[in-house]
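Trainee: Quick one: this structure, given as structure tokens, is what I'll be asking you about.
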């Protein structure tokens with residue numbers, strides 16, 4: 001078990017500990033539960049779906065990287081597939097505050113990058129900030145997405161974001177988590193192809209500036225992130241953050257990164273290179289390259 005989970009795990013009910021122990025035994029537990037695992041945990045612990053999600057929130061929050069605020073937020077995105085995806089907030093010392101990943105963004109990006117097609121609910125241990133409410137409004141689940149908070153009745157995103165501005169106001173039909181493939185040809189080595197594949201998945205209906213990042217760890221594991229734009233622009237999640245989020249949720253540290261590649265168009269309206277390189281260098285990675293989509 002990764003050390004970050006030990007305190008939260010010790011506070012779980014005994015029957016839930018017994019069921020979770022073999023799942024968490026892997027140091028690189030992927031911070032997600034399959035639909036089958038969720039069903040097993042519900043039956044073993046005698047909890048319904050909502051109660052189980054609340055019980056597991058401390059494990060999600062344990063994934064937080066909060067060197068600046070020391071305020072850990074955890075979230076669990078519940079996919080329409082039945083799979084659950086952990087998320088937690090991330091802060092990057094030496095970079096800028098704008099590079100921060102919020103817990104809800106973390107869980108949602110996690111689900112999206114693992115191929116989830118839509119979300120039924122998000123469970124989070126603190127009320128979503130306005131930034132996250134706007135981010136969630138880009139999803140194909142729309143304002144019907146259920147939000148679950150401890151000690152409160154469940155509500156929909158519509159309740160948390162009244163008179164919402166979103167993609168429909170800009171006549172955007174393809175939403176975040178809808179299947180997309182922009183068709184860029186895969187070239188180069190394995191890491192380069194992974195970055196291009198991530199760029200092909202980008203949600204970028206506002207700038208039409210696709211981008212993807214691939215990070216290679218010292219053990220050969222590769223994590224990718226795809227660009228996810230938002231109708232309100234500022235809640236947009238850059239591709240590097242998506243990749244760093246997956247890497248961290250899987251129990252890796254920034255020091256494990258040995259190479260990074262950004263895939264983007266050289267003549268795009270928005271360019272990720274400078275911000276991507278600056279953030280990676282702040283985290284200690286200097287082996288950074290760029291491949292141009294064409």
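Each residue, glycine too, has its Cβ placed from N, Cα and C.
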Trainee: Let me know which member of 70, 102, 155, 182 Swiss-Prot also records as binding Zn(2+) at the site of 129, 132.
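Mentor: Swiss-Prot names 102 for this Zn(2+) site.
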Trainee: Mean pLDDT for the domain 'CMP/dCMP-type deaminase 1' (48-168), as a whole number?
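Mentor: Across the domain 'CMP/dCMP-type deaminase 1' (48-168), the average pLDDT comes out at 97.
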Trainee: Do you see any of the recorded positions 102, 104, 129, 132 whose C-alpha is within 10 Å of residue 89 (substrate binding site), and which ones?
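Mentor: The recorded positions passing the 10 Å Cα test are 102, 104.
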Trainee: How big is the Cα-to-Cα gap, in Å, between residue 102 (Zn(2+) binding site) and residue 90 (substrate binding site)?
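Mentor: One finds 7 Å between the Cα atoms of these residues.
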Trainee: State the three-class DSSP label for residue 104 (active site, proton donor), counting H, G and I as helix, E and B as strand, and everything else as coil.
Mentor: helix
Trainee: From the centroid of the CB atoms of 102, 129, 132, the recorded Zn(2+) site, which same-chain residues not already listed sit within 8 A by their CB, in sequence order?
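Mentor: The surrounding set, listed in chain order, is 103, 104, 105, 128, 130, 131, 133, 135.
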